[in-house]
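Positions annotated as iminosuccinate binding site by Swiss-Prot: HIS47, SER64, TYR142, VAL143, ASN144, SER163, HIS257, PRO258, GLU259, THR274. The [4Fe-4S] cluster binding site annotation in Swiss-Prot covers CYS111, CYS231, CYS321.
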Amino acid sequence: MSLLDVLANQHAAMMPEEYKHRSVDEMEQRVVDIKRAFGSKLFIPGHHYQKDEVIQFADATGDSLQLAQIAADNKEAEYIVFCGVHFMAETADMLSKKNQKVLLPDMRAGCSMADMANMKQTDRAWEQLTDLFGETILPLTYVNSTADIKAFVGKHGGATVTSSNAKKMLEWALTQKERILFLPDQHLGRNTAFDLGISLEEMAVWDQIEERLITDQPLSRIKMILWKGHCSVHEKFTVRNIEETRKRDRDIQILVHPECTHEVVTASDLAGSTKFIIDTIKEAPAGSKWAIGTEMNLVKRIINQHPDKQIESLNPDMCPCLTMNRIDLPHLLWSLESIEKGDPVGFIQVNEDTTKDALLALNKMLIIK
């Protein structure tokens, strides 16, 4: 179920106005007090893209799958307050124990890319693509997708992928079927396939709005069918950003996330997952120069953590992920105080049938080495 469906089908509680008028010091102290009172019964995972005002209270930081797995490994927590976006909280719920409750501090914290693939579109695409290609297609989905899409992929024998293991998972998938349908991020799919030696001519794009396959090649040549989705943040980095940065400083290295366009990834010095970006900067020598193409909150945090290196955003006009930024200190406190009062808000629960099929896709990824 997409975030839009959630908000359409249930009344999403809105944070009371009073939280907007409380002082930062008061709110921070209340969060500290509640965390201390609940102890190990409360667990707060925080995604790398969260604001510092939220991350400072995270019990663990990481990417979406890392955090879901960490939360699932936590046997003591009764409440998991997931500081991320909707699909991440869904994954945490599916991997957690039945007695654990997963909460999202703001139900409006969605992901535009995840919502670019809904079930109606995906069912329709599968029907038309199997008419064209028969039983030669295996679906893969980026973990940045809704529980429904993960369930669809699991039901059809596919698996989930992360930006860290996408290459390994695509290699596996191509041993299973001749062609891959990659959802919902066309750029990660294209960059990964190209890295494996699949030419751009062997890739087609499925336009879910116009319901058509975009290619000028014979269908027999197509190995990758890329869903026409993208990350609204990473698509804003351009080759012009790279050219201007290098013109200003020839010694600077360009490091980007593979959710960027193929042209940007190809023009960069290095591309990799969020963990890869963090580790690369951590291991880089003092005095080295870097322009990073990823979400601004993370870039700012990396800059603050490494004052011995010259680090900047590849696009100085880049804004943070707007939906991720819906989770802020007031919403976090509101969520925690609702638990304290015994009436939790922002409860995330994926139904059993969807969970069963989605776990097929998730677990397949986890066991493939």
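Heads up, the Cβ atoms here are built off N, Cα and C, so glycines get one too.
Annotated features, which come from Swiss-Prot, shown on the structure.
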| residue | record | DSSP (3 states) |
| --- | --- | --- |
| HIS47 | iminosuccinate binding site | strand |
| CYS111 | [4Fe-4S] cluster binding site | coil |
| TYR142 | iminosuccinate binding site | strand |
| CYS231 | [4Fe-4S] cluster binding site | coil |
| HIS257 | iminosuccinate binding site | coil |
| CYS321 | [4Fe-4S] cluster binding site | coil |
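Pairwise Cα distances among HIS47, SER64, TYR142, VAL143, ASN144, SER163, HIS257, PRO258, GLU259, THR274, the recorded iminosuccinate-binding residues, top out at 18 Å.
Straight-line distance linking the Cα atoms of CYS231 ([4Fe-4S] cluster binding site) and TYR142 (iminosuccinate binding site), rounded to a whole number, equals 12 Å.
Non-local neighbourhood of GLU259 (iminosuccinate binding site): SER163, ASP185, HIS187, LEU188, HIS230, CYS231, VAL233, HIS234, GLU235, each in the same chain, at least six residues away, with C-beta under 8 Å from its C-beta. There are 27 other CB atoms within 10 A of the CB of HIS257 (iminosuccinate binding site), with all protein chains counted. For CYS321 ([4Fe-4S] cluster binding site), the same-chain residues lying six or more positions away in sequence with a CB closer than 8 A to its CB are TYR49, SER232, VAL233, GLU295, ASN297. Taking a C-beta cut-off of under 8 angstroms and a sequence separation of 6 or more, TYR142 (iminosuccinate binding site) has the following same-chain neighbours: THR160, VAL161, THR162, SER163, ALA166, PHE182, LEU183, PRO184, ASP185, LEU188, GLY189. Candidates HIS47, ASN144, HIS257 (binding-site residues) were compared with CYS111 ([4Fe-4S] cluster binding site); those inside 10 Å Cα-Cα are ASN144. The [4Fe-4S] cluster site is set by CYS111, CYS231, CYS321; from the centre of their CB atoms, other residues of the chain with a CB within 8 Å are TYR49, VAL85, SER112, MET113, ALA114, ASN144, SER232, VAL233, HIS234, GLU295, THR323, MET324. In the structure as shown, the Cβ atom of CYS111 ([4Fe-4S] cluster binding site) sits within 10 Å of 24 other Cβ atoms. Same-chain residues at least 6 positions away in sequence with a Cβ under 8 Å from that of HIS47 (iminosuccinate binding site) are, in sequence order, THR61, GLY62, ASP63, SER64, LEU67, CYS83, GLY84, VAL85, MET88, MET324. Sequence-distant contacts of ASN144 (iminosuccinate binding site), defined by Cβ-Cβ distance under 8 angstroms and a gap of at least six in the same chain, are SER64, PHE87, CYS111, MET113, ALA114, PRO184, ASP185, CYS231.
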